[in-house]
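Student: I'd like to ask you about the structure that follows.
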C-alpha cells in the first residue's frame, strides 16, 4: 500500500502520458547509469578522504577561534558519513549476491534510507543557517548602530546547528514512518536467475528465496503519501533553496556596496575591484550549482505530492539525483582550498611534510585577501574568518564608531592601517 491508494493512480490517460516522458528520457538515463556505476566508487572514496582532511584542518587551534568553522566541521561529518553509507549501500545492492536477501542487509537498507536523507538535509540546513548568521554579522558590522544581537559567537552557532537538526527531523518525519520492514516472503526465482555470474553455482542449487520487503505500515493511506512528499519537498528542498538564493543576493549586494564605498574613499581608484568582482562571480556560480543540485528534486517531489503517479518519473532520475548529491558532498575540499587563503595556510601547516613550502602564502597575501571571499562558507565552500578585533578608540571613516565593521582591504593608506 503506497501510491496505489491515491485515486489519481487510476487515471490511465495520465499514466500513459507519464510513461511517454519516461520512455523519452530512458536512453539518456541508461547511458548515465553506466557512467554513475563506473564513477561513484571514486567519488565516494575521494569525498570521504577530502572531508576528513577538512575536519582535521578545522580542528586546529587557530581555526577553532571562528564559530562558523563549527558549522563546516559538522557539514563535513555529515557529507563524509553520507558518502560512506552510500558506498556500502551500493556494494550490497547486487541482487545476484545471496547476501542481498539477508535480514542484515535489509536492516542496513532501512538504516541507509533514513540516515542518508537526514544527513543530507541537515547539511543543507546548516548551510542556510550559516549563511543567515554570516549575513547578520556583516550587516551588524556595517552599521554604526544596530539593535541586532551579537551573533558572531559560539552560542549563536550552536543554536543554528540545533535548529538545522530540528527542522530536518520535522521534514523527515513522514519518511521515517514510511520505511518499515514487512513480514518475510518466499518466492520462486526466474529461470536462469543470475546465471553467468560469480554466484551461478549458488542459484543453481536454490530455486527459492526468502526476502523481507521494505514498505509503508498498514495505516498508510493517500493522505500520508502526499504529506510525505510535500514535507520533504517544501521543508527539505524548496525552502532551503529560496533562503540561500535570497541571502546570496543580499551578501552580493553588500559586497557591491562595499566596493562602491571603497571607490569613493579612494577617490575613484579601482584597486581591489577585481577581487570583489571575482568573489561576486564565484558566489553566483556556487548558488547556481546548488540550485541545479537541489531545486529540481524539490520541484519533482512537490509534483509527486500533487499526483503520486509522477513517482515513476522520479525513480527514473534517481541515479542522476544521487550523483548530484554525491558531487555536492565531495567537492567541498576543492572549493575551500580555492576560496580561502586561511584554509590553504592551515592545510600546509598541518600536512607540510607532503607539500612544498613555497605553496604557503605570505602574510602580505593573507592581509590583502578579500574578507568577503570567506564569509559564505559552502556555500559550503569557503571558510568564515573571525574579524580582527577593533581597537577601542577606532573610528569609522565617516567619524562614527565602527561597531566591529572591518572594510574590504584596499590600497588606501587608511584601510591598510585598520586591517594591519
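The backbone N, Cα and C atoms fix where each Cβ goes, glycine too.
Any TrEMBL annotation is an automated prediction that lacks curation.
Taken from TrEMBL, the feature transmembrane segment covers 39-58, 70-89, 109-133, 154-181, 229-255, 281-303, 323-343. According to TrEMBL, the domain 'G-protein coupled receptors family 1 profile' annotation covers 50-336.
Situate these features within the shown structure.
Tutor: Note on the domain 'G-protein coupled receptors family 1 profile' (50-336): mean pLDDT across this stretch is 84.
Sequence-distant neighbours of the transmembrane segment (70-89) (same chain, 6+ residues past either end, Cβ-Cβ under 8 Å): 40-41, 43-45, 47-48, 51-52, 54-55, 58-59, 108-109, 111-112, 115-116, 119-120, 122-123, 126-127, 129-130, 154, 157-158, 160-161, 322, 325-326, 329-330, 332, 336, 377-378, 380, 383-384.
Listed by sequence, the residues of this chain that lie at least six past the ends of the transmembrane segment (154-181) yet keep a Cβ under 8 A from its Cβ atoms are 67-68, 70-71, 74, 106-107, 110, 113-114, 117-118, 121-122, 125-126, 128-130, 132-133, 212-217, 220, 224, 227-228, 231-232, 234-236.
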